[in-house]
Amino acid sequence: MKMRPEEISSIIMKQIEQYNQEVQVVNFGTVFQVGDGIARIYGLEKVMAGELLEFEDGTIGIALNLEAKNVGAVLMGDGLKIKEGSKVRATGKVAQIAVGEGYLGRVVDSLARPIDGKGDIASDDTRLIESPAPGIISRRSVHEPLQTGLIAVDAMIPIGRGQRELIIGDRQTGKTAIAIDTILNQKGKNVICVYVAIGQKASSVAQVVNTLRERGALDYTVIVTANADSAATLQYLAPYTGATIAEYFMYTNRHTLVIYDDLSKQAQAYREMSLLLRRPPGREAYPGDVFYLHSRLLERAAKLNDALGSGSMTALPIVETQEGDVSAYIPTNVISITDGQIFLSADIFNSGVRPAINVGISVSRVGSAAQPKAMKQVAGSLKLQLAQFEELRAFSQFASDLDQATQNQLARGARLVEILKQAQNSPLGLAEQVASIYAGNNGYFDNLQVLQVRPFLIGLRQLLATKYSKYGEIVASAQTLTPEAETILKQAITEYLDEFGAKK
């Protein structure tokens, strides 16, 4: 084959024209210390706080400490192959994850990578893990209810869409159970749920996944998990990943519910990272910015205004206390950030009242504006009645003879407590809750034994669902207890009282 000189010259000219003299600057550093999930690097002169770093073995780290002579980075992995002298490259990016509709029904890790063995997830978009919270003008006040399906919560500590309500209590008092019941109750209500498990046993997370799958709730739920054996960095990032996934749905005009289970473990992971990075310790050895750790996460929960599509993100953070001490550092921090708290007591739990909510110190600061009118009609005085009952019960232990009015009040209170008892994974609709409280408030249980109240309520709900289904339809559509609905309810209660008496 003979080459012509003009052909060669034209190829050379074309190459010269297409040549782009672009200098690509890559910022490299060298590891001089590594261990305990922390690496110290020198030579990385142009690096941002929070920037992702790539190590020789493919491990990703986050630059957290920018010091005069070196950079302190936390590793998203075990980093066992990183050695002293290894090269590190600054990527110029901050942590971001893929988001999209494909995440529904999936279990992912702190970097939104699937870990359920169902293959890759198709994503529509990416979002920064650390996004700014919506501003004041972007929000509107909480005004729509988010029903948990638990009578005690929906009646006395109501939650609205866009609210942040803390669930706080000792270990094994039913905190996760309340959160899971709330997810189950969102079925058919167009609410997308994100459950974030931080520092939990893999078996506990598997149990939650199975419960949601069996009850058809996994279809509208995303589970983000950083198990107890995960690196502290991944446990620290997991809640932000959950919030980012929920934000995607919130900004596409949907309602979302995020559960952080639990933030005590995230704070402990952050404390571990900070101490290893030699940041100065503060109260309980937590770093000085641990309040900011939680405030910037929980402030992302919001009810957006109409111009932004009216989406919402409701947050239910969980915090574990030691011996019921709510005055410890992390509990007081999160209480001050949130819009109320549901306090669970070990003593109440052990006495057989479940959910074990201590009504006296539980509060919802903004939820009453979102409570359905039907619930307000029947539950207005419920909290006061229960508080008076608790006071009288404590006093009656020392008094030998009580007058008839006090005895009646104690009897009514004991029956109201029975109404609030509820089995796990069995949330109730608004109409069923209203019927239960209405019957208790109006003395229909006064002639029943305390232990007969719950069997009676189960039978009454079945009767209302079958023979008197119009009652449920009216309450569901009008959201109020109309005179017609009240008449039907009275008729059903009276009829079932006779039937229940005959059964005895």
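Cβ atoms here come from the backbone N, Cα and C positions, even for glycine.
According to Swiss-Prot, the protein carries these features:
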BINDING   G169, D170, R171, Q172, T173, G174, K175, T176  ATP binding site
SITE      S362  site 'Required for activity'
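Taking the C-alpha positions, the distance from K175 (ATP binding site) to S362 (site 'Required for activity') comes to 13 Å. Of the recorded positions Q172, T173, S362, T173 has the largest number of other Cβ atoms within 10 Å of its own Cβ.
Within 8 A of the CB centroid of the ATP site residues G169, D170, R171, Q172, T173, G174, K175, T176, the other residues of that chain are E320, L344, A346, F349, A356. Other Cβ atoms within 10 Å of the Cβ of D170 (ATP binding site) number 18 in total over all chains.
Looking at R171, K175, the binding-site residues in this record, the fewest other C-beta atoms within 10 angstroms of the C-beta turn up around R171. Note: the Cα of G174 (ATP binding site) and the Cα of S362 (site 'Required for activity') are spaced 15 Å from each other. Separating the Cα atoms of R171 (ATP binding site) and S362 (site 'Required for activity') is a whole-number distance of 17 Å.
Fewest other C-beta atoms within 10 Å: among the binding-site residues G169, G174, that description fits G174. The two recorded residues, G169 (ATP binding site) and S362 (site 'Required for activity'), have Cα atoms 11 Å apart. For T176 (ATP binding site), the same-chain residues 6+ apart in sequence whose C-beta sits under 8 angstroms from its C-beta are S204, V208, D261, I318.
When the alpha carbons of Q172 (ATP binding site) and S362 (site 'Required for activity') are compared, the span between them is 18 angstrom.
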